[in-house]
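Visitor: Dumping the structure here so I can ask a few things about it.
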Amino acid sequence: MNNTTVNESCLLPDGDQPTGLTAPMRYFLAAALLLASFVGVVGNSMVIAANVMEKKIRSSTNFFLANMATADLMTSLICDSCLSLAWFYPAFKPSCVFRDVMGFVYFFSVDLSVLNSGLVAWNRYVLITKPLQTYNMLFTPTKITIYCITSWISTFLMILLVFAYFRRLARPSYILISVPAADMSDMVFFVVNIVEIIILVVAPILLSLFFYIAIFLKIRKVKERVKAHAAPNPNAKKLYRPSRKVVREITSYLFVLFLVLLVCSTPISITQYVHVLVTPVHPDIQNLTLVLAMINSSINPIIHTIKSQDYRNVFKKIIRSGCLND
């Protein structure tokens, strides 16, 4: 008989698991998730539409951002909306299949976003620190498509492996979203879970940090070299400035995307593994970290709007065309 115990976070308050959430707080968080769902669905749909409609922004970087927006759209459309409605109606008792589908979609979309964030960082790293020939060789349209398809397939298989084993384990009936976390006594599940988080979360995050640090060091080095050897002619200096400014602005904008993803996604991973390996974490903390991770899918389109002039222009074009059609 399998003696494995399973701990899961629960977004659905239940008498068997006191969360300490009052009804007004529950409704407030449900409304916040519903708003995040609306913003995420509209915003990520516009990011995808912008890349489809506007040839001007169809770069390799924006292709990866559109791939990330597709993953975020799944979270906003499925997870955020369903969880907010369930919080509005706490008597709802989801089926086992429903909970597993919700958990699978959530972890699949979040891990896919982290992986695509790593691809974006790698893309910028090669563009800024390597010869242009290397960039053109690595990021042809065919290879970019292969990278994106591979990210979807690899993430799908890893999460499927985790949930295929997870379904064998008993879990309480009141859990709305399946958040796998196994006891150390089940070494197979523990190893599978650890391998999944290393490949899909830890490795992309560490590589992204390395890429962005290397990029900023390269930009600073080029800036110092240009400043030291620039010609006295003011017109000669102007030739360097637009290029450096554009590179800095785009890279800092993408770095902000990465930082927001890191801030939103890291707490839930920490709380889950502390809960499993160290000491039980209060359900309120698990609830809040899960909500924070889900809201990330709605923040990215806002960052695109604030930080990217190209996206702002295309978004305005889409809105104007929609209003004219009406």
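If you go along the chain as it appears here, the first residue is 1 and each next one adds 1.
In case you wondered, yes, glycine gets a Cβ from its N, Cα and C as well.
According to TrEMBL, the protein has these features:
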DOMAIN    43-304  domain 'G-protein coupled receptors family 1 profile'
TRANSMEM  27-52  transmembrane segment
TRANSMEM  64-89  transmembrane segment
TRANSMEM  101-123  transmembrane segment
TRANSMEM  144-167  transmembrane segment
TRANSMEM  187-217  transmembrane segment
TRANSMEM  250-273  transmembrane segment
TRANSMEM  285-303  transmembrane segment
Visitor: Is the transmembrane segment (285-303) close to the transmembrane segment (101-123), in the sense of at least 3 CB pairs under 8 angstroms with a sequence gap of 6 or more?
Guide: yes
Visitor: Can we call the transmembrane segment (64-89) and the transmembrane segment (187-217) in contact, meaning three or more C-beta pairs below 8 angstroms at a sequence separation of 6+?
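Guide: These two stretches do not touch.
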Visitor: Given a Cβ distance threshold of under 8 angstroms, which distant residues of the chain, six or more beyond its ends, lie next to the transmembrane segment (250-273)?
Guide: 9, 61, 65, 110, 113-114, 117, 120-121, 124, 128, 179, 181, 197, 201, 205, 208, 212, 215-216, 219, 281, 285-286, 289-290, 292-293, 295-296, 299-300, 303, 307-308
